[in-house]
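> Sharing a structure with you now.
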Amino acid sequence: MQHSIGKTLLVAALATAIAGPVQAEKKSLHIYNWTDYIAPTTLKDFTKESGIDVSYDVFDSNETLEGKLVSGHSGYDIVVPSNNFLGKQIQAGAFQKLDKSKLPNWKNLDPALLKQLEVSDPGNQYAVPYLWGTNGIGYNVAKVKEVLGDQPIDSWAILFEPENMKKLAKCGVAFMDSGDEMLPAALNYLGLDPNTHDPKDYKKAEEVLTKVRPYVSYFHSSKYISDLANGNICVAFGYSGDVFQAAARAEEAGKGIDIQYVIPKEGANLWFDLMAIPADAKAADNAYAFIDYLLRPEVIAKVSDYVGYANAIPGARPLMDKSVSDSEEVYPPQAVLDKLYVSAVLPAKVLRLQTRTWTRIKTGK
């Protein structure tokens with residue numbers, strides 16, 4: 001996944017106790033998470049309860065996170081990779097194996113979801129589910145109707161066919177700046193395997209995206225949240241919860257902007273974001289304390305309410321705001337889930353092909 005890049009937030013610093021001439025050592029924790037992906041009070045509430053100061057940085061693509069991890073000196077105690085990147089990072093030795101004796105609230109997690117995640121993390125040995133969601137189309141109802149008329153917004157054709165994009169360009173279109181999100185969607189739209197290894201398939205997806213490239217206002221994986229909410233763009237390829245946040249911001253602003261989200265009828269990506277402890281973490285015990293804190297139903301319920309993403313704890317759903325817990329955009333019905341695909345761990349050769357293809361699409365070279 002997702003999910004605005006900001007400066008490091010030093011949250012809820014507490015005065016350290018002085019014992020005679022010796023100052024007690026501060027307990028600290030360094031977290032690297034997706035943009036707009038936690039409730040406003042979560043960190044300060046944790047600090048108040050635990051006495052652990054939290055330093056919090058954000059990113060908006062798995063590629064950015066991977067760059068930190070590959071260096072071997074991430075500087076973080078908790079990071080939040082998506083499921084399709086997790087397997088590769090585990091194989092590279094990027095994470096510590098979990099000590100589940102330090103996670104008493106592990107019992108609160110959904111066993112069925114844990115089983116799904118074993119594709120990337122056999123035995124659930126390295127990562128803890130945080131939130132999950134889908135990719136789809138976020139759009140400004142009035143502006144899109146203005147340029148497309150009564151055409152239903154229910155297909156990837158809205159974004160992947162030039163005749164539609166040419167019209168939408170008048171009010172602004174945002175695509176994610178992430179080949180591992182955009183290319184599988186185009187492959188799936190073409191009826192091809194979104195996890196294909198075949199270069200010929202990627203060539204077909206490249207052709208689709210290259211044809212609509214002239215009509216894309218920009219490529220960014222989080223800017224579209226505020227731009228949808230403000231009416232600066234009318235449509236975006238986006239994460240479900242990010243569009244939910246845009247809709248909430250638009251409603252709060254009271255300017256009559258109605259933002260909706262749709263999972264196209266052809267299907268879309270179902271993804272999971274997970275908490276993991278980097279191999280070079282210096283405060284692993286504090287990381288366990290925070291992860292276990294987030295495994296409390298009442299804590300993760302507030303996070304889901306704020307960010308608009310589903311969580312992995314069944315006991316949290318009754319505690320959530322009905323507008324979130326009952327939303328089919330957040331918790332899709334089974335008929336929709338059946339059409340979704342989960343991104344697989346791809347070999348390095350295919351990932352390089354994805355990267356080269358995406359660079360050509362973006363630059364037109």
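The backbone N, Cα and C atoms fix where each Cβ goes, glycine too.
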> Quick one: which of ASN164, ASN195, ASN230, ASN269 does Swiss-Prot put in the spermidine site with THR35, GLU181, ASP242?
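Spermidine site check in Swiss-Prot: besides THR35, GLU181, ASP242, the record includes ASN269 out of ASN164, ASN195, ASN230, ASN269.
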> Out of THR35, ASN269, which of the binding-site residues is least crowded by other Cβ atoms within 10 Å?
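The binding-site residues THR35, ASN269 were compared, and THR35 has the fewest Cβ atoms within 10 Å.
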> Using DSSP, would you call THR35 (spermidine binding site) helix, strand or coil?
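Note: THR35 (spermidine binding site) is coil by DSSP, not helix or strand.
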